[in-house]
Amino acid sequence: MELGIVGLGRMGQIVADRCLDAGHDVVAYDVDSDAVEEVTAAGARPAETLDELAGELGAEKRIWLMVPAGEPVDMALEDLSEHLDGEDIVIDGGNSHFEDSVRRAESTEAGYLDCGTSGGPAGAELGFSLMIGGPEWAYEECTPVFDAVATGPDGHDRMGPSGSGHYVKMVHNGVEYALMQAYGEGFELLHNGRYDLDLEAVARTWNNGAVIRSWLLELCEEAFREEGGDLGDVADHVAGGSTGTWTVQESLEQEVPLPLIYQALAERFASRSTGDGPGRFSRRLANRLRYGFGRHEIERM
Ligand SMILES: NC(=O)C1=CN([C@@H]2O[C@H](COP(=O)(O)OP(=O)(O)OC[C@H]3O[C@@H](n4cnc5c(N)ncnc54)[C@H](O)[C@@H]3O)[C@@H](O)[C@H]2O)C=CC1
Ligand SMILES: O=C(CO)[C@H](O)[C@H](O)COP(=O)(O)O
């Protein structure tokens, strides 16, 4: 199959490499010409603009967007719009909000697939897990590319209509936040608890047969091995948060309580206000309110 790929960063590069390895023809574009050069060296045909990319592709264009969510997706679609018709297919493999994907699917001439992508840079070797929403014909048509980019035929599926792929990926990320929080809490207790433990050994033992073994736990083991059991100079600051925020917003809208995911998201935000400053106003207020309702001692700075 012939595939145009727009966005050749950490993830787009892997999409390109896996498609090339599987024998597909790739036309590649990125605003960063170095990224294009790298994929060209691996066997892709370069494009210097989106117009050129569209011109290089045949009558039935298949284009995979792997750019940051938000404006870059709208910009790419706008620039491509004059080249697209009902026989073309655009796949958005980034972490777009599902409502944006529904809007884009309605406003483009092309068949539009929203594709939640999981696996991160480790997917280069293993392949990704792909959660795809949109028209069935477009999904069927792109199956050879999904087989190549995913772990294999079982690593991708059509979740349902437009938006459902990114919806499932949003929930996946909420689960990711909660799992990270659960492992974090367990290791924090072990680190501060009553035994002097080697946390890398704990993680390794858990990863071998324990109920809670997982890839995230393997990454914990790697972190302790590389940073030391006390995590060395790794800071108390968790970045990101948009996909977890969307998951929480949706849970509130649907009135489906997700306390673990709420808490994991809140912990992230809280981590950003530790340090030299006065800290979060909301928590200072809660401290004072406990005195108000329970005469609990007020902690002072
Ligand atoms: N990094 C990860 O582990 C994962 C990332 N994602 C999602 O995949 C998408 C891409 O992520 P990464 O590859 O990590 O980002 P990245 O920052 O490594 O790469 C993005 C690439 O897009 C290019 N780009 C930006 N605007 C562009 C435009 N208008 N036209 C053409 N190229 C443009 C940049 O130059 C860059 O090479 C994001 O939506 C991200 O949330 C999804 C799953 C995992
Ligand atoms: O989708 C992903 C993993 O599945 C990306 O790594 C994403 O960036 C994770 O979300 P956040 O940046 O909010 O931690």
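Glycine residues also receive a Cβ, built from the backbone N, Cα and C atoms like all the rest.
The NAD(+) site recorded in TrEMBL comprises G7, L8, G9, R10, M11, G12, V67, P68, A69 together with one of N95, N173, namely N95.
The candidate list R18, R268, R272 contains one residue that TrEMBL assigns to the substrate site with N95, S118, G119, G120, H172, N173, Y177, namely R268.
A straight line from the CA of S118 (substrate binding site) to the CA of E176 (active site, proton donor) spans 11 Å. When the Cα atoms are compared, E176 (active site, proton donor) and K169 (active site, proton acceptor) turn out to be 10 Å apart. Counting other Cβ atoms within 10 Å of each Cβ, the lowest count among the binding-site residues G9, G119 belongs to G9. Under DSSP, the residues of the domain '6-phosphogluconate dehydrogenase C-terminal' (165-297) split into helix, strand and coil as follows: 90 helix, 0 strand, 43 coil. Annotated pair H172 (substrate binding site) and A69 (NAD(+) binding site), C-alpha to C-alpha distance, rounded: 16 Å.
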